[in-house]
Amino acid sequence: MSLLDCFCASRTRVESLRPEKQSETSIHQYLVDESAISRPPPSARASEVICSTDVSHYELQVEIGRGFDNLTSVHLARHTPTGTLVTVKITNLESCTEERLKALQRAVILSHFFQHPNITTYWTVFTVGSWLWVISPFMAYGSASQLLRTYFPDGMSETLIRNILFGAVQGLNYLHQNGCIHRSFKASHILISGDGLVTLSGLSHLHSLLKHGQRHRAVFDFPQFSTSVQPWLSPELLRQDLHGYNVKSDIYSVGITACELASGQVPFQDMHRTQMLLQKLKGPPYSPLDVSIFPQSDSRMRNSQSGVDSGIGESVLVSTGTHTVNSDRLHTPSTKTFSPAFFSLVQLCLQQDPEKRPSASSLLSHVFFKQMKEESQDSILPLLPPAYNRPSASLQPVSPWSELEFQFPDDKDPVWEF
């Protein structure tokens with residue numbers, strides 16, 4: 001059966017999905033000669049998985065975001081029989097075009113097909129009339145993009161970036177091993193649970209290299225609805241020429257995401273579309289120090305041997321404004337440093353020639369991630385604000401599902417993306 005032979009039988013009927021059990025050569029001095037580090041955190045126990053398809057079992061608490069081009073609302077909800085907090089994504093299938101329905105089908109079937117702790121899980125999928133309901137674990141920290149907006153507007157520390165990227169790239173490596181290109185690797189598609197588990201979402205953009213039982217070396221399909229993800233897309237994907245693109249396109253997106261996490265801003269974000277495309281396709285190779293690719297700000301990067309060093313040689317000093325966030329444990333100093341290993345990682349990912357970029361497996365062996373071998377999954381928690389584990393006592397559940405009428409205004413930024 002093709003991966004696109006989804007369980008979405010029609011616009012108004014979806015069969016319930018329930019989870020079922022089921023060393024590369026160094027290319028750079030910073031890519032160590034060892035097998036890829038693998039420390040997958042445990043996935044949810046069977047007793048914790050919510051499989052109910054009865055809509056009355058879910059008490060919607062609050063809308064926490066939207067996605068899928070504003071067609072999907074994302075809610076924090078309580079599974080009343082167990083008291084477990086879950087995420088409920090609700091999409092009106094009648095509002096979806098055929099292309100969007102195919103994207104939904106792809107996300108639903110692939111979430112069921114893939115089983116990896118660093119890939120976002122759908123516990124169950126069902127319909128209520130023409131509304132598609134997707135039940136998944138509640139990720140208490142939301143997305144890395146939301147963390148940037150709320151707590152780290154000037155960018156994250158190198159240690160936090162390492163923890164987040166390591167988990168996300170592990171999920172990406174799993175997809176690549178299964179012959180799939182993600183095509184939408186970015187901070188808003190990286191989710192973090194309350195216990196520090198990092199997962200990769202955004203499967204609706206995914207494309208398979210497998211066709212008729214054979215794995216192709218390149219694909220030529222241009223992703224639908226790509227306008228919002230263009231800053232992260234690779235030059236060869238945007239070029240749309242006879243050479244096509246492959247999994248190395250995702251590695252370029254990892255480099256852009258690393259810059260996004262480090263600066264708090266998306267490279268190319270404020271550029272006119274034509275200017276962005278020209279710079280990616282014809283411009284000279286750039287690095288995290290190339291301020292011309294970032295939105296205008298007061299932040300300035302410069303080389304320095306002073307300041308707090310990360311422990312790996314000479315550091316790069318980033319001047320930012322001092323600010324204190326809501327948690328006493330979080331404080332962004334007036335200067336933060338990035339090691340040569342971090343810049344090596346970014347520059348490797350942003351190579352214009354995709355053949356010069358490392359694979360996801362090789363990237364996990366990069367010296368930037370070397371410390372992850374000695375750190376546990378919960379080592380990320382001291383770097384984050386307190387997790388949102390339960391609704392506030394003053395927060396009242398929204399109206400019963402039968403009384404809700406969903407209208408999604410265009411002026412609200414999505415916190416989570418489908």
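Note: Cβ is positioned from N, Cα and C throughout, glycine not excepted.
Straight from Swiss-Prot, the features:
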| type | residues | note |
| --- | --- | --- |
| BINDING | I64, G65, R66, G67, F68, D69, N70, L71, T72, K89 | ATP binding site |
| DOMAIN | 58-369 | domain 'Protein kinase' |
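Other Cβ atoms within 10 Å of the Cβ of I64 (ATP binding site), summed over all protein chains shown, number 20. As a whole number, the greatest separation of Cα atoms within the ATP-binding residue list I64, G65, R66, G67, F68, D69, N70, L71, T72, K89 is 15 Å.
In this structure, N70 is the one among the binding-site residues N70, T72 with the smallest number of other Cβ atoms inside 10 Å of its Cβ. Its Cβ placed at the centre, R66 (ATP binding site) has 24 other Cβ atoms within 10 Å. All protein chains included, F68 (ATP binding site) registers 20 other Cβ atoms within 10 Å of its own Cβ. Under the DSSP three-state reduction, N70 (ATP binding site) is assigned to coil, being neither helix nor strand.
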